[in-house]
Amino acid sequence: MATATTTSRKAGGDPRPTKYYFAYGSNLHIKQMKRRCPNSRYIGRARLADYRWQINERGYANVVAAEGRWVDGLVYEIDETDEAKLDINEGVSKNAYEKRYMAVLLHRAHGALYRRPVSWIVDKGGPAAVCRQIKNSERSAAGPSPHWESNVLVYISFNHVQDSAPKDEYVNRLNLGIADARALGIEEDYIRNCIRPLIPEPPDGHQEHSSGEAKGRAAARGVKRSSPPRTDSPSSAGTHDA
């Protein structure tokens, strides 16, 4: 497969090679990404077409081929150091996940968030707080049109593809990720129909009400209506998730 490595996309900046990474599981949680990939930057939300989200027999999220379905997630820019850490977290050497470079429909973030270090977003109170600030202060809300971005890194398990139930510890981490993804624009319809059947909400619903820029935008043209649930990647120390 083609490699996704490019020189840093930061104008006049660090020449270290970077690439885009598509997260669809617990790495939707910005604070977890700060811990795992401290150099990463937020790029936007994206859609992986003709795949579905699942929780596999390991108890973690995965994506499997399914024509007409899709998986929504977040895209980060990572460098080689962060990628090496991700490989460990995803259990690449243990065949928990494999690395693939794929095309996703990318909705680039609002200018105030685009390529912001995840550490900056966390320090500002997290995605919900930052999106509220942007909403209160922005003058023009229109962002760039979505486009197909090729050679985006995705961690996929081909060895573990049986639908199953999530590990208990994973449910909490994924709920934190769902809250951040919602604030950053992942569609409510996708969360309700594809994730919620597999990942229960927190008892008090608290984690789920992470503020409000989460209204889904119109489904991208050319991709059929979202379908059943699937979950993303396994993570956490000692566990291997995407």
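Counting begins at 1 with the first residue displayed.
Cβ coordinates are placed from backbone N, Cα and C, and glycine is handled just like the others.
Listed features, source TrEMBL:
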{"type": "BINDING", "residues": "Tyr21, Phe22, Ala23, Tyr24, Gly25, Ser26", "note": "substrate binding site"}
{"type": "DOMAIN", "residues": "21-106", "note": "domain 'Gamma-glutamylcyclotransferase AIG2-like'"}
{"type": "ACT_SITE", "residues": "Glu90", "note": "active site, proton acceptor"}
{"type": "REGION", "residues": "197-242", "note": "region 'Disordered'"}
{"type": "COMPBIAS", "residues": "203-216", "note": "compositional bias 'Basic and acidic residues'"}
{"type": "COMPBIAS", "residues": "217-236", "note": "compositional bias 'Low complexity'"}
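Features as recorded by TrEMBL, highlighted on the structure.
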residue	record	DSSP class
Tyr21	substrate binding site	strand
Ser26	substrate binding site	helix
Glu90	active site, proton acceptor	coil
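The number of other Cβ atoms within 10 Å of the Cβ belonging to Phe22 (substrate binding site), over all protein chains shown, comes to 28.
The Cβ of Ala23 (substrate binding site) has 29 neighbouring Cβ atoms from other residues within 10 Å, across all protein chains displayed.
Least packed by the Cβ count within 10 Å, out of the binding-site residues Tyr21, Tyr24, is Tyr21.
Other C-beta atoms found within 10 angstroms of the C-beta of the residue listed as 'active site, proton acceptor' number 27, with every protein chain shown included. Other Cβ atoms within 10 Å of the Cβ of Ser26 (substrate binding site) number 31 in total over all chains. Taken as a whole, the domain 'Gamma-glutamylcyclotransferase AIG2-like' (21-106) shows an average pLDDT of 98 in this prediction. The number of other CB atoms found within 10 A of the CB of Gly25 (substrate binding site), across every protein chain shown, is 32.
A gap of 12 Å separates the Cα atoms of Tyr24 (substrate binding site) and Glu90 (active site, proton acceptor).
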